[in-house]
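Enquirer: Input: one structure, supplied below.
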Amino acid sequence: MVNAGDMNGSGNLMDFLDEPFPDVGTYEDFHTIDWLREKSRDTDRHRKITNKSKESIWEFIKSLLDAWSGWVVMLLIGLLAGTLAGVIDLAVDWMTDLKEGVCLSAFWYSHEQCCWTSNETTFDDRDKCPQWQKWSELLVNQSEGASAYILNYFLYIMWALCFAFLAVSLVRVFAPYACGSGIPEIKTILSGFIIRGYLGKWTLLIKTVTLVLVVSSGLSLGKEGPLVHVACCCGNFFSSLFSKYSKNEGKRREVLSAAAAAGVSVAFGAPIGGVLFSLEEVSYYFPLKTLWRSFFAALVAAFTLRSINPFGNSRLVLFYVEYHTPWYMAELFPFILLGVFGGLWGTLFIRCNIAWCRRRKTTRLGKYPVLEVIVITAITAVIAYPNPYTRRSTSELISELFNDCGALESSQLCDYINDPNMTRPVDDIPDRPAGPGVYTAMWQLALALVFKIVITIFTFGMKIPSGLFIPSMAVGAMAGRMVGIGVEQLAYHHHDWIIFRNWCRPGADCVTPGLYAMVGAAACLGGVTRMTVSLVVIMFELTGGLEYIVPLMAAAVTSKWVADAFGKEGIYEAHIHLNGYPFLDVKDEFTHRTLATDVMRPRRGEAPLSVLTQDSMTVEDVETLIKETDYNGFPVVVSKDSERLIGFAQRRELILAIKNARQRQDGVVSNSIVYFTEDPPELPPNSPHPLKLRRILNLSPFTVTDHTPMETVVDIFRKLGLRQCLVTRSGRLLGIITKKDVLRHMAQMANQDPESIMFN
């Protein structure tokens, strides 16, 4: 017998794996990362840097740069996300107005910017100026009449179709991952799933361009959800520039959590709301360090957007408002009613939208994404144009609905009958009887509400960038404004009723309809997404008023309770399940009394578990096992007879290790023994060089006993982010449980199809 020491004479060849080689530790597409392993690798890296920093000044400087790299990445994400959001806002403003007319003095000006620069604008006709011409004025020199209306109507539809067709074509050809909201996929990626290309440079570019096109086309969608995807693409790009993040998928996800906060920060002009949104809604692992960095990224992004000032009003969003009237306890009843409406709308929307999306996936409809977008755009444009509340952009509509009626407002919603003897300050106008404009606005809003509810169901989920925040807020704001006007008129005409007597005297400014619109918007957004804390903070950052937190909280909590009564899933979780992403939701409860032995593979009647032995398999045996199976890894045991567990080896790392050994190490052939022990086995004379693969072996794989309750196993998978865990009894290997086994079992226990969770 030849001892290993004799074979090691010519340098320590078989230990070449003690030096890392390329691609070890990376994951294949559509696989789950091992959080514990990533954490351990980062700790090792940090320990090495700390030890080296004591050796020289240069190493100390390098350690400082490494420590500061996280803040540098956050700064860059904030700057780029804020800049892109500002550019998108400016472009959307111009292209939305382009559907109706053009500025002759400078074609790149929007309607508002065009009339700002004009010296011939009067206060009453501030939207009209000679420099801005509708298409009918420009082409046939007519501004009024049937022919001018029909021409403007036709060109409005043509521009909408042109924008939508260009958007869907760009997505289809260049970046298929740029479609949808992006938040379900971001949640899945942050939970540890790998979707290569989803946060790539092409996706970033195409999503930014097509987002402008689809919002400008007038479709019932928003840019807020896709802005989170855009910010995460920025985060992924900048993290790839620093090895600390590019080589560690766990650390990369900390950056992406902070990027999501920056995305919401610029979408709503709500930095604190953005951080809470990332924490409450999208993040899976959110350490305290990430909280600070998210806050910094959100701050930089908001500051950058404020510097660009896309709306020209020094605000970060179009629908920023300030109210001057306090709310009263009696108003809590209509606020709670709006919460109930929001919960019911959320339930209706989720069920109908998921049914339509499932139909799209399972029928021939899904084969014609371009045609679907064109048809929905045509229907939207044809129905939207006649109604002034659906013709304008949804952000402008929300802005008008949130607005408090001051003395200078010219909106139909503010057409009240004024008392000629009124002598009050302009910001404290008493409640007045509604004029004909308000009644006209009420039925137009009712029609717009029905249209928005129906069309949004079919629009969300098409193969274009589509956010849900703005359409949901619009539905709630329309319902809220109508309820607000109703309560206001009731209080005016029946101020002697007992509910109004104490707080609403004649001549007082009691009810603010705009506040009801805001509460309704929060309720509907909460009903669809099931957000609570972050939603309330976002809404009060929009209004700048701490005074209205209680009405917002009441509406948000009510809408969540009502929606949860019909089903626990929000729209993003529902889309995650529809697409079959392997996502273990922390909010789900598992209460069934099953054991690990009921879920582990192999089951009775199945082939035995594929394992590696510690020192008795050849390179050829290992390669054959890899070729014949598609498992992500293999348990390593002492021998097939004893099945005492030694560790776990990842499939990808085995392939790379053997490939590298064949290239770099002489004497490694198909008959070479592969060993995972510290010392090589004793081999007969003239045996080929053995191959030591101990470095890639995980010596502390997570194990549970066969009698561990599945409730505990599910909790372990959630909290530790495991890919798999091994099942043993007295140290002897019995089987394996993977994340997909857990998801299948949970689906089975909930009487769902277990194969529905399989990603395809």
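Using N, Cα and C of the backbone, Cβ positions are placed for all residues, glycine too.
The domain 'CBS' annotation in TrEMBL covers 600-664, 697-755. What TrEMBL records for 68-92, 153-175, 195-215, 227-243, 255-279, 332-356, 368-385, 441-461, 468-487, 515-540 is transmembrane segment.
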Enquirer: When only pairs 6 or more apart in sequence are counted, do the transmembrane segment (195-215) and the transmembrane segment (468-487) reach 3 or more Cβ pairs under 8 Å?
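Expert: Output no: the transmembrane segment (195-215) is apart from the transmembrane segment (468-487).
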Enquirer: So, by DSSP, how many helix, strand and coil residues make up the domain 'CBS' (697-755)?
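Expert: Taking the domain 'CBS' (697-755) as a whole: 24 helix, 19 strand, 16 coil.
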Enquirer: Any chance the transmembrane segment (332-356) and the transmembrane segment (515-540) are in contact, meaning at least three CB pairs closer than 8 A with a sequence separation of 6+?
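Expert: Answer yes: the transmembrane segment (332-356) meets the transmembrane segment (515-540) with 3 or more Cβ pairs below 8 Å.
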Enquirer: Take a look at 68-92, 153-175, 368-385, 515-540 and tell me which one has the most Cβ pairs under 8 Å to the transmembrane segment (227-243).
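Expert: Most Cβ pairs under 8 Å with the transmembrane segment (227-243) come from 68-92.
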Enquirer: Can you tell me which parts of the same chain pack against the transmembrane segment (468-487), counting only residues 6+ beyond its ends and a CB-CB cutoff under 8 A?
Expert: 181, 220-225, 267-268, 331, 334, 337-338, 341-342, 345-346, 349, 389, 394-395, 397-398, 401-402, 413, 434, 438, 442, 445-446, 448-449, 452-453, 456, 459-460, 511-525, 527-529, 571
Enquirer: Quick one: find which recorded stretch in 68-92, 153-175, 255-279, 368-385 has the most Cβ pairs under 8 Å with the transmembrane segment (515-540).
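Expert: The stretch with the most close Cβ contacts to the transmembrane segment (515-540) is 255-279.
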Enquirer: Can you tell me which recorded stretch out of 68-92, 153-175, 368-385 has the most Cβ pairs within less than 8 Å of the transmembrane segment (255-279)?
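Expert: So the stretch in question is 68-92.
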Enquirer: Take the domain 'CBS' (600-664) and count its residues per DSSP category (helix H/G/I, strand E/B, coil), listing them in that order.
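Expert: Tallying H, G and I as helix, E and B as strand, the rest coil: 24 helix, 17 strand, 24 coil.
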